[in-house]
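Just below is one structure, and these are the notes that go with it.
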Amino acid sequence: MVLHLSMRCSSMGHTTVTVALLSSATVHVILTGFVLQLAKLSLLDSSSRTFSAPINSYAIRALFLLPFGASKALANLLAGVLVRVREFKNQWGGTSLCLAVGWSALLLAPAFLLVSEARASYAGSWPFAALATGTVLGVEQGLTWSASLLRAMDAAGKERAGLASGWIETAGYSAIAAAAVLITTLETKHVKCAFTDVTRSATCAKVATSCASPSDWTAACTGECTCHGYAAIAATATAVAAAAGLVLVATETLASSRTTKAASPKDDVPLVAMNEAFAASPNADQGDEDELLTSSTSLSALQPSQAFEVSSPSPPTFRATFVDTSIKDVSRMLCCICGFIANLNSGLAWGLLLLWLRDHAGLSATQRNYVAASYSFPKGFMQVFAGALSDRLGRRALVVTGLGASAVALAVLASLARTNEHVPHDLAWQSSLAAALLGLGTALAYPVLAAAVSDRVSNKGAISYAIGTFRFWRDLGYAAGTLVALVADAAGAAVAIGASSAVTLLGALAFGVGYHQL
């Protein structure tokens with residue numbers, strides 16, 4: 001009776017901690033996704049409308065992707081280390097430290113944005129805005145998203161790694177999709193435009209008679225019709241998200257501290273540790289409950305996150321895990337490569353595609369933002385199902401199917417971009433459908449790749465290092481999106497998007513052949 005009651009109480013406590021961890025991770029990643037989309041679209045649209053970046057250069061206007069991707073990649077590595085710094089101190093582990101650092105870094109973004117817009121007429125204002133804001137945003141995204149993912153995967157357990165990864169990605173990208181719809185309303189209400197000079201150039205005067213709102217802005221009036229208010233939108237979003245994130249971290253830490261102090265030693269015994277102690281007992285077959293309680297007493301100092309570490313050897317070093325994930329383990333290396341390709345496509349969808357649709361193909365802000373939402377909604381909604389499905393069917397099929405679908409979607413978008421001089425009247429819905437297929441394809445592969453990396457790490461203590469390494473290589477794909485923009489500058493958007501389609505197809509084939517299914 002004592003045994004069953006102890007196990008029941010321990011199970012209830014473990015369930016409570018699991019729900020708390022998953023709920024916290026979900027709230028953090030929703031904040032992270034929401035602020036990312038608002039800041040990203042504000043930066044994209046302000047590049048030429050506020051800072052007069054040359055309209056004929058995709059690379060310059062999508063410049064923020066370079067520091068964003070590079071800093072986010074490095075922050076992922078840092079997150080893998082930070083979550084180990086204070087691990088096992090409380091039920092939240094080192095993820096609390098990681099989240100606190102990430103949200104604190106974001107507090108710098110409002111100042112960079114507002115100062116940049118105030119000096120928009122000065123040379124170099126756009127590079128400063130893109131580099132400074134992109135770097136801070138990347139650091140925050142890398143730390144907070146990684147911490148949320150690791151927290152959820154730790155709570156769900158290794159056998160449900162796909163489901164946990166999918167849930168976090170679904171929550172984050174659903175927030176990104178919702179923000180894509182909201183930005184249209186914010187732009188209409190808060191962004192105002194005006195001609196900078198009374199005397200306009202002949203080209204601008206020929207195509208524009210008004211410059212009162214972003215919808216009046218045309219490429220021919222770059223530098224003459226300027227818009228202000230984008231920085232205020234992004235600055236408000238980043239400030240509110242950072243403050244909310246820090247308050248949440250403080251609340252979690254305080255609650256965890258009180259729970260730890262109030263708990264009795266027996267209450268802290270992890271269920272898995274109890275079971276292992278009972279199984280190891282010489283009288284286990286006779287159901288010796290006193291033996292279990294005596295064995296478990298020595299484990300009473302352990303926290304819930306240690307339950308899986310009772311019999312594990314010391315974890316490998318960060319350097320060893322980085323090398324194994326990047327090079328030695330072919331399957332993990334393929335996960336990193338395919339993750340890089342997936343985010344290369346995300347960078348294309350976030351930068352080149354959106355710039356081409358609004359400023360070259362002539363879609364309105366509302367139409368362009370609905371294309372962005374068409375990409376983000378299926379990417380967000382389907383990831384939880386893809387992750388759960390991969391736990392049952394295996395990882396390979398989902399990744400290959402997802403990358404294959406993405407390659408087809410990019411090929412369709414490339415064909416649409418070839419009609420640049422004769423834009424079809426139904427371009428908006430055609431682009432939306434192709435973007436939705438790209439989002440769906442990415443959703444099938446995105447959470448599965450992280451779970452596949454986790455599958456191949458036998459020591460739980462090294463999972464944070466391996467996931468950090470994978471996310472490092474994956475998020476460098478955002479930075480590579482700038483290279484795709486350079487190709488578009490040199491050869492046109494159609495060639496750049498078509499090349500990305502070919503690379504994606506090669507990645508799918510390589511993963512299908514080289515990944516070793518466990």
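Glycine is treated like the rest: Cβ placed from N, Cα and C.
These features come from TrEMBL:
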type	residues	note
TRANSMEM	12-38	transmembrane segment
TRANSMEM	58-85	transmembrane segment
TRANSMEM	97-116	transmembrane segment
TRANSMEM	128-150	transmembrane segment
DOMAIN	331-518	domain 'Major facilitator superfamily (MFS) profile'
TRANSMEM	334-357	transmembrane segment
TRANSMEM	369-390	transmembrane segment
TRANSMEM	397-417	transmembrane segment
TRANSMEM	429-452	transmembrane segment
TRANSMEM	472-488	transmembrane segment
TRANSMEM	494-515	transmembrane segment
Hey, which of 97-116, 397-417, 472-488 has the most Cβ-Cβ pairs under 8 Å against the transmembrane segment (334-357)?
-> 472-488
Same-chain residues at least 6 beyond the ends of the transmembrane segment (472-488) whose Cβ lies under 8 Å from its Cβ atoms = 58-59, 61-63, 65-70, 72-74, 76-77, 138, 142, 326, 336-337, 339-348, 350-352, 356, 449, 495-497, 499-500
For the transmembrane segment (97-116), the distant same-chain contacts (Cβ-Cβ under 8 Å, at least six residues beyond its ends) come to 28, 35, 39, 51, 75, 79, 82-83, 85-86, 125-126, 128-129, 132-133, 136-137, 139-144, 146-148, 231-232, 234-236, 238-239, 241-242, 245-246, 249
Per-region confidence, the domain 'Major facilitator superfamily (MFS) profile' (331-518) (mean pLDDT, whole number) | 89
